[in-house]
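Features reported for this protein in TrEMBL:
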- 14-91: domain 'Phosphoesterase HXTX' (DOMAIN)
- 45-48: motif 'HXTX 1' (MOTIF)
- His45: active site, proton donor (ACT_SITE)
- 94-164: domain 'Phosphoesterase HXTX' (DOMAIN)
- 127-130: motif 'HXTX 2' (MOTIF)
- His127: active site, proton acceptor (ACT_SITE)
Amino acid sequence: MSNNSTERLFFALWLNEDVRQALTKLSQPVTQNIQGKIIPPENWHITLAFLGEVDIPTKQCMQQVAASVQGRCFNLSLDKLSYWSRTGILWLGANQIPNTLQDLVTRLSTDLQDCGYHPETRPFKTHVTLMRRANKIKMLPPITPIRWTVEDFCLVRSTLNSSGAHYEVIERWLLT
Ligand code: 2AM
C-alpha cells in the first residue's frame, strides 16, 4: 500500500500511440475468445526494472541513475505471442532481444543497486502483459510482427483504484 511518503514505481518502455494502436488490432480478436483479466491498452508497457515501494530520497537517487544511463535507441520487433501457464499471463514479446535493450536493463539494474535496488534473479524477459489469469490456452494464432523504434524509457507510478492498477509516466529519458 502507498502512503504519503512512498510511491510504487517501475522503469519501463512505454508503448507509443502507433504501437498501441497496432497492438489493439492484433490483440482484440485473440483476447475476446479467452477468459481472464484483459489489461487495458493504456496500461501496456515493457517493465525494465520493478522498484516496488520507494521513499522520496530513494526515488531521487533512482532518477539520477536513470539520467546518467545514456542508452541507445533501438528497433524492437514484437513478434511473439505467448502464454505462461503457471501464472496465466498472455503476453507479446520479441524473439530477438537487441543488445542495446539488454545493455539498458543490465546498466539500470547494476547502477540502481547504489540506491538500494535488489536486482531480479530471473533473466530479463521482454514482454507486454495482455491478460492475467487467462484460462488454459491451447493454441495461439500466428501474428504479424509490430515494429517499434524505442526512443525513450520511463519511470512509472503504479496506484491501485477500484478498477485495478493505474499507471502514470512521471519522467522520460531519451535514448539517442
Ligand atoms: P508483469 O506485467 O509481467 O506482471 C507493474 O507492476 C509492472 O511491474 C508489471 O508490468 C509487472 O510485470 C512488473 N513487475 C515485475 N516484478 C513485479 C513484482 N514483484 N510485483 C509487481 N509487479 C512486478
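Glycine too: its Cβ is placed from the backbone N, Cα and C atoms.
Averaged over the domain 'Phosphoesterase HXTX' (14-91), the predicted model has a pLDDT of 97. Here the residue listed as 'active site, proton donor' is positioned 8 angstrom away from His127 (active site, proton acceptor), judged by their C-alpha atoms.
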